[in-house]
Amino acid sequence: MIDAFARDIHYLRVSVTDRCNLRCIYCMPEAGLPLVDHREVLRFEEFERLIAIAASQGIRRVRITGGEPLVRKGIVPFVARVKTMTGIEDVALTTNGLLLPRFASELKAAGLDRVNISLDTLRPERFRAVTRVGRIDDVWTGIEAALAADLHPVKLNVVVMGGVNDDEVADFARLTLQWPIHVRFIELMPIGEGDSRFRGQYVTIEQMKAKMAEQGLRLGDHPGIRGGGPARYHTLAGALGTVGFISAISKHFCGTCNRLRLTAEGKLRPCLHSRQEIDLRTPLRRGASDNLLARIFQKAVEAKPYQHHMLDEGWGDRPRLMSQIGG
């Protein structure tokens, strides 16, 4: 599908649940969220029909997200069914890693190509402060399980926050000297709980690179790795993995955006950073034809803005939490 700005839209991010077994400070309130009624969340067969229709319109890549997607019962056979769909070339999953020791091998056998693991600190006490629950050792066990299952490339997503974990960027980069993993540093975005933290904790990509340079780390250029996302990759001399940067704010990558997002409640978002959502669940459950649902996907592509407006005044007045969007 080609949008109004000649971008090839071929990537669909699918949030299969709003539930999560962590409470990360930039993602959701400490008390959690009122859970969406199960009847409002799409059934797997509904997701599958929509993904198949999207594939018929040109979607080739699918990323499964949450919440935490591995908490949803039946996720492994769902991955297997998506992977075998006509037109789908790549299926990936974003997770906090806690359940990977249980699921990594099964996911690989089901056809999952790769995983992104969210991890914002390497320090046990700080991990508890950022996630509010959980143990960092469990995440590392999950990372090792993903590597053992050959879910390559294994990527670590690190949201950098000033005064919280910005003093760890060099430590994260050094992981690539010891492990065949790809560490991606992500700028904090003013979405949901991140909105209230943005002004005081936002760290630019250039500031992150400067912190690495202060500790003697020299980043060389790297052509990039499989994934089709917005990260720009570098490498340290002798490293087994890479260091990537995702600059949603300081140097937005909207000009090369290639994706749509489908929420757990069946809302199609043309842009992660837009308030616009197009309802798919209602027509789907009212018996809409595949042709009608395909036209809704086309409508979403036509509605994609050229770029986000997260820094505009009033952006955060009606926030949608990251865990609800499936960012």
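Note: Cβ is positioned from N, Cα and C throughout, glycine not excepted.
Listed features, source Swiss-Prot:
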- 4-226: domain 'Radical SAM core' (DOMAIN)
- R13, R63, T94, K155, R259, L260, R261: GTP binding site (BINDING)
- C20, C24, C27: [4Fe-4S] cluster 1 binding site (BINDING)
- Y26, G67, S118, M189: S-adenosyl-L-methionine binding site (BINDING)
- C254, C257, C271: [4Fe-4S] cluster 2 binding site (BINDING)
Close binding-site residues near T94 (GTP binding site), where close means Cα within 10 Å, chosen from C20, C24, C27, M189, C257, C271: none
Candidate with the highest Cβ count within 10 Å, taken from the binding-site residues C20, L260: L260
C-alpha spacing of C20 ([4Fe-4S] cluster 1 binding site) relative to Y26 (S-adenosyl-L-methionine binding site), in angstrom: 14
Maximum Cα-Cα separation (Å), residues Y26, G67, S118, M189 listed as binding S-adenosyl-L-methionine: 17
Intrachain C-beta neighbours of K155 (GTP binding site), sequence separation six or more, cut-off 8 angstroms: R114, V115, N116, I117, I181, H182, V183, R184, G227, G244
Pairwise CA distance, M189 (S-adenosyl-L-methionine binding site) versus R259 (GTP binding site), rounded so that it is a whole Å: 18
Rounded to the nearest Å - Cα separation of S118 (S-adenosyl-L-methionine binding site) and R259 (GTP binding site): 20
